[in-house]
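Residues annotated as compositional bias 'Low complexity' in TrEMBL: A:335-351. Positions annotated as region 'Disordered' by TrEMBL: A:321-351. If you look up TrEMBL, you'll see A:20-39, A:46-66, A:98-119, A:125-143, A:170-189, A:217-236, A:248-278, A:298-316 marked as transmembrane segment.
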C-alpha cells in the first residue's frame, strides 16, 4: 500500500499542475466534440494569438509571485510601450531602432518598480498599483487618445504570420523559447531554488546568503522587459498603437498564474501549471465564444474558475486534517514513522 | 505577501504604553499632510482661476468625491484587517443596475425600499466575499479578483445589453441626486455621515479596535480570543453594503445605467485609501484619512484642467501621488521605529 501511494507517478498526478493540465485536456476534448469549428487549425491559430500576450507576461509574473511579490503594472507597461512605439514611428524612426528601444524602456520601467520595492522597501502591491496608474497615465501623455495604425505590413503581417504551411503563428516559438528560459531558471538553477526560499521566508533566505534584493530587482526588470516585448507584439498584431492597449490585462495574467497553482503568498508553484492555467483560461474563453455564449457568462466562468481553483485544495486539505485528527492513533503513528508518506496535497501556506 | 515594512511599526507603538501618543501623532501628521496638499492644490487652482472656489464648483467637487469616499471608507474596514476587496467596482455596478431594474419592474415601489434593497444586494455580495475569505481561508486578493469577474458577469447577465435611462426611474429619486441642504448636496451629506459613523465605530468600539488587532497580527489576535473569522466576515459585509449604497447613489446621480458602470473603480478606491495613509498590509489607517485621500484624488481630477495641465496627465499624477504617499509612510515608519528603538535601550 505505502509504496504504491507514494510512487512518483501518483505523486505527480496529485499535484496542482496535473489537475490544471487534466482540466485543460477535458476542456479540449469536450470542446472538440460539441463545438463546431473548435478543433480546426484556423481556430487554434486564433486562440494562440489571443493568449500570446498573457502567456508572455505570465512567465516573469510566475517568478515574481513565487518570491511573494506581485507586479500589477504589467498591462500599463505594455500600454506605455505601445504608445511610445507609435509616437517614435510618427516621428520617423525606423522600427528596427524602435523595437529595441521599447524593450529597453520596459526594462527601465521594471527597474523603477524593482528599486522602489527593494531599495525603498515598499510593498510591491502598493508600488505597482501606483506605477500602474503612472505608466498608463504617461502613455496618455505620450500619445493622448490618438491611435497610430500605419505600421508597414511587412511588420504587422509578420507578427501574425504562420509557420510554413501550418496555421500555427510563429509567436508560439517566442512564447515557448521564453518559457524554456524561465522554466530552466526556476526549476533547474540555484537562482530558482533561491526564489522559492525567498517566497517561503524572506529573512531566512537573506541569512542563508541569498541576495534577496538583487534577485527581486532583476525579476522586476525581466517583468518590465517581457511586458514591453508583449507590447510590441500587441501593437503589431492589432496594427494599432494606443495608450489604452491591454487595459485591465494585469488581472487576467494574475488570474492565470493563480489558476496555475502558484500560491499568492509565494514559496510554491510551477511554471508548467501556469502555462496550463493560461491555456485553460484561453481555451474556455475561445470555446464559449465559438458556442456563442455571451461575454457575461465568460466572465462568470473566469471568476468561478479562479475561486474554485483556490477554494477546492483548501477544503480538501482541511477535510484531510480533520480525518487525520479523528483517525485511530496507531494509524497516525505509522504514518508519522514512514518517511515516504509525505502529504500528497501541498499544504497552503498559512498567514 | 511578506513585507515587514509599513504595517507593524505604528502598531508596535500602540502597544508600547507611553508611545500610544506618538502613534496618534504619527497618524495626525499623515492626515494633516493630505489636508495641506489638498489646501495647497485648492489655493493654487483658485489663484489661477477664482471661479474654482465658487459655490457651484465646490458643490460639483463634493458630489464628485461622494462615491469614491464611501467606497474608500468601506475599503478601509477591509484593508485594516489585512485583506483587500477588489470586487467593489463590480458590486457598485451590479447594485446600480439592480436598482434601476427594480424601478422598471415595480414602478410603485417606495424609494426607501429600493434603496434598502440596493444596500442589501451589496451586503450579500460582501457576504459571499467574506464567507470565502473567512470560512474557506482563501486569500482576499484572489477571492475578490474572482468575484470581480463573477459580479460583473451577473451584472451583464442582468442587463443583457440593455441600458436604463433617467426616464425609467422616478423623478423624486433622481432629484435626490441633485438636491441640496443649505447649499450642500444631499449625497455629500450621506458620505459625511458614513465617514463619521464608521470612523467613530473604528476608533471607539471594541470590535472596531479588534479589526486593527487582526490586521497587525492575525495569529496574535486569534490567541488573545478575538473571533478573527467573524470580524473579517463582518468587515466584508459592511464593505459590500457600502458599495451597494454607493451603487444606489450612482443610480440617483447619473440616471443612465448600463453593465459597465463602475468598471475599474476598485483600483481608484484602493489608491484613495493608500494615499489616505491606510497601510496596505493592515493594522493602521483611519477612515478620515481614506476619505481625505478620495477627496484629494477627485480634486486633482477637476483642478488639472483649470491649471491648464493636459487632462492626459491626470492618471500619471495620481500614480505619482500613490508612490509619494507610500514613500512618506515608509519614511515615517522608519523614523518612528528608530525613535522606539532608542526608547527601548534607555529602558534597558
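Cβ coordinates come from backbone N, Cα and C, glycine included.
Most Cβ pairs under 8 Å with the transmembrane segment (A:98-119) belong to A:217-236, among the candidate stretches A:170-189, A:217-236, A:248-278.
For the transmembrane segment (A:46-66), the neighbouring stretch richest in Cβ pairs under 8 Å, chosen from A:20-39, A:125-143, A:170-189, A:248-278, is A:248-278.
If one looks beyond the transmembrane segment (A:248-278) by at least 6 residues along the same chain, the residues whose Cβ comes under 8 Å of a Cβ in the stretch are 15-17, 20-21, 23-24, 51, 53-55, 57-59, 61-62, 65-76, 78, 132, 179, 182-183, 186-187, 196, 198-200, 302, 305-306, 309-310, 346, 348-349, 351.
Among residues of the same chain six or more beyond the transmembrane segment (A:170-189), those with a C-beta under 8 A of the stretch's C-beta atoms are 48-49, 52, 55-56, 59-60, 62-63, 66, 159-163, 195, 226, 229, 233, 270-272, 275. Long-range contacts of the transmembrane segment (A:217-236) within its own chain (CB-CB distance under 8 A, at least 6 residues past either end) are made by residues 52-53, 56-57, 59-61, 63-64, 67, 69, 71, 74-75, 77-82, 85-86, 99, 102-103, 105-111, 113-115, 117-118, 151, 155-156, 158-160, 171, 174, 178, 195, 245-246.
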